[in-house]
Amino acid sequence: MVKSHIGSWILVLFVAMWSDVGLCKKRPKPGGGWNTGGSRYPGQGSPGGNRYPPQGGGGWGQPHGGGWGQPHGGGWGQPHGGGWGQPHGGGGWGQGGSHSQWNKPSKPKTNMKHVAGAAAAGAVVGGLGGYMLGSAMSRPLIHFGNDYEDRYYRENMYRYPNQVYYRPVDQYSNQNNFVHDCVNITVKQHTVTTTTKGENFTETDIKIMERVVEQMCITQYQRESQAYYQRGASVILFSPPPVILLISFLIFLIVG
């Protein structure tokens with residue numbers, strides 16, 4: 001009778017510990033759907049404009065002191081005005097400006113959990129603040145609601161990216177935030193890289209590119225979420241407390 005009561009209490013303790021570890025595991029919250037219609041970001045400018053504006057400036061390719069491919073005014077990939085990674089103007093990616101090496105900020109500590117996730121999902125891109133580059137995808141088949149844009153996309157889809165930049169899903173509270181960030185950095189990087197090669201993008205290009213990249217970012221989020229949960233389940237299953245309790249309980253049953 002005593003052994004029976006002890007066995008019951010051990011079983012209860014085992015279940016409680018297992019549940020506690022599972023509840024304490026940090027998981028990203030599922031977000032709302034993306035194809036619910038309407039603007040994702042109210043307060044946008046021109047009709048049919050961009051849904052993913054960069055912070056602190058005009059829309060993609062807008063005439064803020066210099067349009068696409070212009071030599072002055074801070075356009076994308078330009079030699080003056082503080083463009084991306086440019087030697088003039090300061091503020092570019094990876095530029096030190098007037099700061100000396102003595103004032104360099106300390107390097108951020110590497111999160112080993114993120115490194116493990118990156119090894120399974122994609123390579124970390126240097127100089128992009130921890131963003132990873134996903135594997136190549138087939139460009140999605142999208143209907144834009146009018147014949148002109150549908151035809152334009154079919155004829156120019158090769159000009160749009162087939163990989164996306166993203167951060168680990170556990171850094172975001174929901175899918176919407178992940179996709180928004182993913183679209184912004186992917187469109188920006190692709191635009192800068194392509195513009196420096198001498199190819200310009202029209203407003204139609206940017207609009208279509210955002211839609212295409214949005215679908216790819218949603219797919220990337222789904223892949224990363226599934227992989228994240230699988231890694232989390234493995235950690236919970238083989239973490240020390242549940243394993244020790246399970247072994248102890250089995251030994252008690254065998255001996256008893």
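Placement of Cβ uses the backbone N, Cα and C atoms for every residue, glycine included.
Keep in mind the model is a prediction, meaning the values are calculated, not measured.
What Swiss-Prot records for this protein:
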- 25-233: region 'Interaction with GRB2, ERI3 and SYN1' (REGION)
- 54-95: region '5 X 8 AA tandem repeats of P-H-G-G-G-W-G-Q' (REGION)
- 54-62: repeat '1' (REPEAT)
- 63-70: repeat '2' (REPEAT)
- HIS64, GLY65, GLY66: Cu(2+) 1 binding site (BINDING)
- HIS72, GLY73, GLY74: Cu(2+) 2 binding site (BINDING)
- 79-86: repeat '4' (REPEAT)
- HIS80, GLY81, GLY82: Cu(2+) 3 binding site (BINDING)
- HIS88, GLY90, GLY91: Cu(2+) 4 binding site (BINDING)
- CYS182-CYS217: disulfide bond (DISULFID)
- ASN184: N-linked glycosylation site (CARBOHYD)
- ASN200: N-linked glycosylation site (CARBOHYD)
Rounded Cα distance, in Å, between CYS217 (disulfide bond) and ASN184 (N-linked glycosylation site) is 10
On the 0 to 100 scale, where does the mean pLDDT of the repeat '2' (63-70) fall? 43
Fewest other CB within 10 angstroms, which one of the glycosylation sites ASN184, ASN200? ASN200
Going by DSSP, give the three-state secondary structure for ASN200 (N-linked glycosylation site). coil
Might you list, by sequence position, any residue in that chain lying six or more from CYS182 (disulfide bond) with a Cβ less than 8 Å away from its Cβ? VAL164, TYR165, TYR166, VAL213, CYS217, GLN220, TYR221
A correct count of other C-beta atoms within 10 Å of the C-beta of CYS217 (disulfide bond) gives 25
